[in-house]
Amino acid sequence: MHFYSTRDPNRCPVPFREALLSGLAPDGGLYLPERVPRAEAAWREAQTLAALALPVLGPWLGGELGAAQLRAVAEDALTFPVPLRALGDGVYVLELFHGPTLSFKDVGARTMARLMNAFLAGRGERVTILVATSGDTGSAVADGFAGLGNLRVVLLYPKGKVSAVQERQLVHPRPGVRALAVAGDFDDCQRLVKAAFVDPELRALGLSSANSINLGRLLPQMLYYFWAVLSLASRYGETTPPVFCVPSGNLGNLTAGVLAAEMGLGVGRFVAAHNANDFFPGYLQLLYDPSAFKRTVATLSNAMDVGAPSNFERLHALLGEGARERIWGTSVSDAATLERLRATYEAYGYVACPHTAVGLEAAARYRAASGDERPVIVLATAHPAKFVDTVEGALGVALPKVPALEALQGPDAQAPVIAPQLGALRRALLSPF
Ligand SMILES: *Cc1c(COP(=O)(O)O)cnc(C)c1O
């Protein structure tokens, strides 16, 4: 199995290990395989999410990791349930938020961390993961990589620009993880990360990234698409290929779904559910060309506030113009998000997070526009308790306390504040922790 960069006309292939440990190709492109492998038929027999790793991820690794090692990686990473719930009227939610940091990002981050650790352990190497974060990614990466011997994590977040819950999740003490509060905004954090990657003085640290362009995070997300189709049949006796509706920002989640379909999973259609950051739905509707990336707009579903989706390049390389047949897209305003949050609670007694509400609204629009009556599975990407103010405000009810968040209460840990300059980051990275 080999991978090449979306930008490399010569298609110089690298093995999985290199794609995993470097994240981005040297030319700035994203890694894709020479061709998407088929899932092994045994996936239909899987009884757990982790048991899907061998038939679904195995073919991508091409033997670079043994079957026993891959199974151990998945079993250690995927320790939480992923229930499929029927809301009614053929609409289902796949709850991906029962992991330690309460968002679907736990699936990719935890699996990627253990894959990296398994590859590094064989060679006695160490790597430092450097991540700029404005929300869910940072805590999922911090939790996912904590305590793994061959990896350390440094998180950069913009001081005063993340929510109180998010900051508590980020600075929560974990072995091998250090959070740094940058006196600047998210763009400063991203600029510092880019500068650090090319800084000769930091080369010895073996810096790597953990964002959603890394195949190590993307590919494990395919597992829950397979799991959803299995659950639909076993729990609800429904064998029609479902429509998957995906609340989207960087398009990592959606790209994973498309890859699952390319592996042979029966999928009716994909719906890309975006907030006011509408580049991708606009592209699908022929309003924008591929280079028409936009500035980011702040919304209630802030984990999807992305003007220039980083996985678009990969999706475009995979599907080209065919994307417009396979994927239907829409952009949902904050007002429509709140309305759908309330309507879902009133109709089904179900409490969704704002991101999931964008998905539920998009699913309703898709059905109305297309007349497609196949089952729709909306990916529920975060726990509503992570967005307690928005959700309680919209519904006028108090949400039950969630143990994973309660555990973070108490005297607030403080992250050291650094100036938004490479010199300050360099000093912090080179000091031991
Ligand atoms: C990251 C995130 C998304 C967007 O996922 P992408 O893979 O970036 O498209 C949606 N919802 C939540 C809660 C997230 O944390």
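Keep in mind that glycine also has a Cβ here, set from the backbone N, Cα and C atoms.
These features come from TrEMBL:
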DOMAIN    3-77  domain 'Threonine synthase N-terminal'
DOMAIN    85-380  domain 'Tryptophan synthase beta chain-like PALP'
MOD_RES   Lys105  N6-(pyridoxal phosphate)lysine
Over the domain 'Tryptophan synthase beta chain-like PALP' (85-380), work out the mean pLDDT and round it to an integer.
93
Write out the long-range same-chain contacts of the residue listed as 'N6-(pyridoxal phosphate)lysine', meaning residues 6 or more apart in sequence whose Cβ is under 8 Å from its Cβ.
Asp136, Thr137, Ala140, Val141
Could you tell me how many residues in the domain 'Threonine synthase N-terminal' (3-77) are helical, how many are strand and how many are coil under DSSP?
35 helix, 9 strand, 31 coil
